[in-house]
Amino acid sequence: MGGCAGSRRRLSDSEGEETVPEPRLPLLDHQGAHWKNAVGFWLLGLCNNFSYVVMLSAAHDILSHERTSGNQSHVDPGPAPIPHNSSSRFDCNSVSTAAVLLADILPTLVIKLLAPLGLHLLPYSPRVLVSGICAAGSFILVAFSHSVGTSLCGVVLASISSGLGEVTFLSLTAFYPRAVISWWSSGTGGAGLLGALSYLGLTQAGLSPQQTLLSMLGIPALLLASYFLLLTSPEAQDPGGEEEAESSSRQPLIRTEAPELKPGSSSSLSLQERWTVFKGLLWYIVPLVVVYFAEYFINQGLFELLFFRNTSLSHAQQYRWYQMLYQAGVFASRSSLRCCHIRFTWALALLQCLNLAFLLADVWFGFLPSIYFVFLIILYEGLLGGAAYVNTFHNIALETSDEHREFAMAATCISDTLGISLSGLLALPLHDFLCQLS
C-alpha cells in the first residue's frame, strides 16, 4: 500500500499543507519503487492508447452500413466482402476511414495545442479521472450505436481520453527518473499491438464488434488503478541524477494554484521563455510531424485501397491485419531504446516518406503481386514510426534542463497529433478521387 499512500500524498492537490520530507529509502525499497514506477508507466502507456488504437482498427467496420442478425451495432463482422462502390476498381466505403482518423485525432490536437498554455493549472488527479471515464464511454457509445454519426461521437471520446492522458503522463515523467520515458513509450507501443490484435482476434473468433468493444471495458479501470495505486510518490525518487529536480518537481504535483508553485516548475515559465524553449524543440518536432504524416496517410488513406482479391481474407480482415502488423512494428521499436538510440530522427522521416511514395505508387499501378509484400512493408513502417517517437522524447529528456522538461514534454506531444491530423485531411479527398476511378 506504499504506492497508494504515496500517490495520495502527491494527489492531495487541494490541500496546501506542508508534508514532512521522508528519509531516503534503503536500496532494496528504492529498487522496489523503481520497478513499481516502471511497470506503472508501462501500464499507463498501454491503457492510455488502447481505445484510440481500437477505434482505428474498427474504422472499416464503423463505416460499413450493413447489418446482420444478432449484431446490435451497425457494423458488420461477417467475412464476406460487399463492394460499396461497384463502379470503382477499388472496394471503397462511401466514406474514407480517414473520417474515423479525424474524429480520433482532432480533439487530441485541440487538447495538445491548449495544454502548454494552461493545463498545468489543473491537478493531475482530475485529468486522469476524466481520461479514464472518456475511454470507458467511448467503448460503450460505439458498441451500442446504430449510426455512423453516433459511433464517431464515441471515437471523439476516445480521442479526448488519449490526448489528455498523453499530455498528462508525459508531463508526469519529468518528476521521475528518465528511464520511465522508455517504459511509457513501450507501453504505448504495447497498446497498439494488443489493441489491434485483440480486436482482430476476437472478431475472427466470432464475436460481434459490439461484444468485442464491451469486453474491453476493463482497460480504463486498469488505467485508474495503475495511477492511483501503483505509482509511488515522486518525492521519494532519485530523478536519475538531476539533483535539483527532487525539490523543484515536488511542488507542481502537490499544489493547485499557480502562485504557490515555486520557481523551477513549468508553470513559472514566462511566455517568452516558453517560446524560446519551443523554438529549440523544432529540431525534433518537425521530423516527428513528417513521420506521423507519412505513416497515417498510409494507414488511413491507403490501407483501405490496398485490397487484394487473390486471397482468402475479406476486405475487412485485410484491413485489420494491416493495422495489427503496423502496431506490432510500433511496439517492437518503441521497446528498443536500450538496444538502439537514434540521434538524427530526420533520417526516419525520410525513410517513412519513401514508404508513402512506394505504397501510393502501388495503389495507382497495382504492381505488387501478393498481400504478403504489403504485410512486410507495413511492419517496416511501424518500426520507423515507433523509433521516431521513443527517440524524440528520449533526446528531449536528455537535452532539456530540469525546469524546462515538463513544458518541453507537453509541447512536443503536438508533433504526432499534428502530422496525423494533416494526413487525415489530405486522405479524405484522395479517397474520393481514387474511388471514382473506373
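Using the three backbone atoms N, Cα and C, a Cβ is placed for every residue, glycine included.
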Residues flagged as transmembrane segment in TrEMBL, choosing from 161-180, 181-200, 321-340: 181-200
Folded-back contacts onto the transmembrane segment (98-122), same chain, C-beta under 8 angstroms, at least six residues removed: 52, 55-56, 58-59, 62-63, 152, 155-156, 158-160, 162-164, 166-168, 171, 252, 256-258, 265-267, 274, 278, 296, 299-301, 406-407, 410-411, 413-414, 417-418, 420-421, 423-425, 427-428, 431
Best-contacting stretch, by C-beta pairs under 8 Å, relative to the transmembrane segment (181-200) and drawn from 128-145, 281-298, 344-365, 371-390: 371-390
Winner by Cβ pairs under 8 Å against the transmembrane segment (344-365), considering only 128-145, 212-230, 281-298, 371-390: 281-298
